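**Student:** According to TrEMBL, the record shows the following:
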TRANSMEM  12-29  transmembrane segment
TRANSMEM  49-65  transmembrane segment
TRANSMEM  74-95  transmembrane segment
TRANSMEM  101-121  transmembrane segment
TRANSMEM  128-146  transmembrane segment
TRANSMEM  191-212  transmembrane segment
TRANSMEM  224-248  transmembrane segment
TRANSMEM  281-299  transmembrane segment
Amino acid sequence: MARFDGLWSKKTLIGLVLGQFVSLLITSTGFSSSELSRRGINAPTSQSFLNYLMLAFVYGAFVIYRKRRLQIDWYYYLMLAVVDVEANFLVVKAYQYTSLTSVMLLDCWSIPCVIFLTWIFLKTKYGLWKFVGVAICVAGLVLVVFSDVHASDHEAGSNPVKGDMLVIAGSTLYAVSNVSEEFLVKKAERVELMAMLGTFGAVVSACQISILERNELKSIHWTAGAVLPFLGFALAMFLFYSTVPVILKISGSTMLNLSLLTSDMWAVLIRIFAYHQKVDWMYFIAFGAVAVGLVIYSGGSKIDANIAQVAEAKEGDEESVVNNLVQ
């Protein structure tokens with residue numbers, strides 16, 4: 001039988017814990033965006049701009065202080081910033097045209113994209129148990145989508161086809177961004193990556209704001225109720241972007257995207273305990289399925305390696321028996 005000794009390594013546990021930390025951060029950004037939307041504020045690029053600005057100032061100060069040459073050419077960071085800014089913009093924009101259910105379901109498109117990109121460009125090898133973990137995670141999210149907890153989400157939206165295309169495009173760009181970050185953080189370092197992504201992200205966002213959201217910002221009545229969600233969103237995104245490179249270096253971009261699937265479950269738990277809302281029982285089954293899938297995926301390499309070792313041992317035993325018979 002296969003032995004699963006050492007499945008729960010320190011590296012695996014750190015990857016799982018950090019994955020749920022960034023999932024909670026994404027949940028908090030969702031609540032901040034919902035509050036801004038409820039107040040009639042629709043400026044997705046402006047929300048992200050504050051995050052990029054914080055990254056540029058905090059991590060850029062370290063880069064300037066060290067006075068080192070960039071380990072990666074600057075134009076790679078520029079391309080990454082463009083992809084990242086547009087991914088955030090497209091997915092947030094999609095909520096104006098399609099339903100929440102469609103966004104949740106189509107957002108899973110980033111997972112097969114990440115697996116394909118890491119397999120092609122990063123030469124990442126995926127064993128059977130890795131795919132089992134992915135399948136269980138996605139199945140858990142499908143349960144969420146078709147549960148009655150979203151019973152109020154019956155409207156398809158003003159333009160469902162356009163909204164769905166925006167989500168698919170945004171999810172694809174998220175996959176490209178995550179895989180690119182995984183490559184860059186392993187070739188260079190986290191501080192340089194965050195500093196350059198923040199700098200170029202702020203520049204790209206500023207240009208886009210001046211074209212698309214200038215009138216929207218002028219029409220906003222800046223009260224405490226409008227400023228606080230903006231600042232909360234920026235702080236959560238800053239912590240999210242600061243933690244993501246660590247996860248990418250430890251567990252890879254596929255594990256990151258699987259961990260983010262639990263953000264919707266955390267949102268439900270917050271609504272239960274903070275707002276005393278009732279939810280469908282399928283949500284708890286879905287939460288457990290995603291958790292099991294994450295555990296299987298994070299330990300998949302060790303499981304596949306142990307099975308391979310057992311197979312090799314059996315093959316060696318058979319060869320020794322045959323040799324003895326021949327002798």
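Yeah, the Cβs are placed from backbone N, Cα and C, and that goes for glycine too.
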**Student:** Does the transmembrane segment (12-29) reach the transmembrane segment (224-248), going by 3 or more CB pairs under 8 Å (6 or more apart in sequence)?
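**Tutor:** The answer is yes, given that the two segments have at least 3 Cβ pairs within the 8 Å cut-off.
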**Student:** With the transmembrane segment (191-212) as the reference, find which of 49-65, 74-95, 281-299 contributes the most Cβ pairs under 8 Å.
**Tutor:** 49-65
**Student:** Could you tell me what the rest of the chain brings near the transmembrane segment (224-248), counting residues at least six beyond its ends with Cβ under 8 Å?
**Tutor:** 15, 18-19, 21-22, 25-26, 28-29, 32-33, 35-36, 39, 41, 46-48, 50-51, 54-55, 58, 178, 181-182, 185-186, 190, 193-194, 197-198, 255-256, 259
